[in-house]
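Taken from TrEMBL, the feature S-adenosyl-L-methionine binding site applies to Arg54, Gly79, Asp152, Leu153, Glu179.
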Amino acid sequence: GFRTVPRSLVGDALLTTSRFAVSLGYWHDPYIQHFVRLSKERKAPEINRGYFARVHGVSQLIKAFLRKTECHCQILNLGAGMDTTFWRLKDEDLLPSKYFEVDFPTIVTRKLHSIKVKPFLSQPIIELHSEDPLQNDGHLLDSKRYAIIGADLRDLPELEEKLKKCNMNPQLPTLLITECVLVYMTPEQSANLLKWAASSFDTAMFINYEQVNMDDRFGQIMIENLRRRQCDLAGVETCKSLESQKQRLLSNGWETASAVDMMELYSRLPQAEVSRIESLEFLDEMELLEQLMQHYCLCWATKGGHALGLKEITYQSVGGPC
């Protein structure tokens, strides 16, 4: 089952990790503190470095897509949680035509509450909006450039209806992002979501970040640890290898698929960045970092967009400098 409680608990744990890494200076995010308090509990250095690689990798792919489309596109962040990408892109003057976030209604309600009571979060949305008042009913906020929708990603007709209500445009090049989301669905449910995404847009890219190499001993320990926290990875069988990750994308309507484990991505990061983050905290056990990073991957797939050169978005563009 894909119950909302465990995934949101894991989401909260990741959020506090992210907040902690930002407080140490791993990357700059002035918005995250408005969604989560700083926890007293220190996170292990290998966790912080892993998180840095994830944020860097996903962000490089997003920016590559925005450059290829010259921001004339839309982004759908599925299972977005308390993600702050919209605000950070606005600061860098890299906003797409419209940015959509989708998550469970309970999570969306929490996020909307923070946005409502914190001008630092609401101002950027209002600034971009035209004269009409913002639509905000607790489970949904719609504005000119940003929408947040409470929906279940397994109920595709409902998802599509809500997105269309917020003026999602199937004609625009579209980037879809899932981070640690598909693994909580059954393989059939995630296949349906990937198929829906591939068939809904002529020109599209899909970014997925999640576990990989889960068949080995270390992978099994990860699964057991999560089970103990009442968290079952229903889709773990699609996380066998980089090959199975790519195959899933290709067999569900995507034309190209690439995948890289996070250790390889980390090894290709700009040297100056690596020296900077490695000086933030001492790491005793390089081996543990390697094991951890070999069990997460970044995958991306494209469809159409030949004239835009979407197919040319390669691994180099992910590891390389901004």
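Even glycines carry a Cβ here, placed using N, Cα and C.
Positions of TrEMBL features highlighted on the structure.
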residue: Arg54; record: S-adenosyl-L-methionine binding site; Cβ within 10 Å: 21
residue: Gly79; record: S-adenosyl-L-methionine binding site; Cβ within 10 Å: 21
residue: Asp152; record: S-adenosyl-L-methionine binding site; Cβ within 10 Å: 15
residue: Leu153; record: S-adenosyl-L-methionine binding site; Cβ within 10 Å: 23
residue: Glu179; record: S-adenosyl-L-methionine binding site; Cβ within 10 Å: 21
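In this entry, S-adenosyl-L-methionine is bound by Arg54, Gly79, Asp152, Leu153, Glu179, whose most widely separated C-alpha atoms sit 24 angstrom apart.
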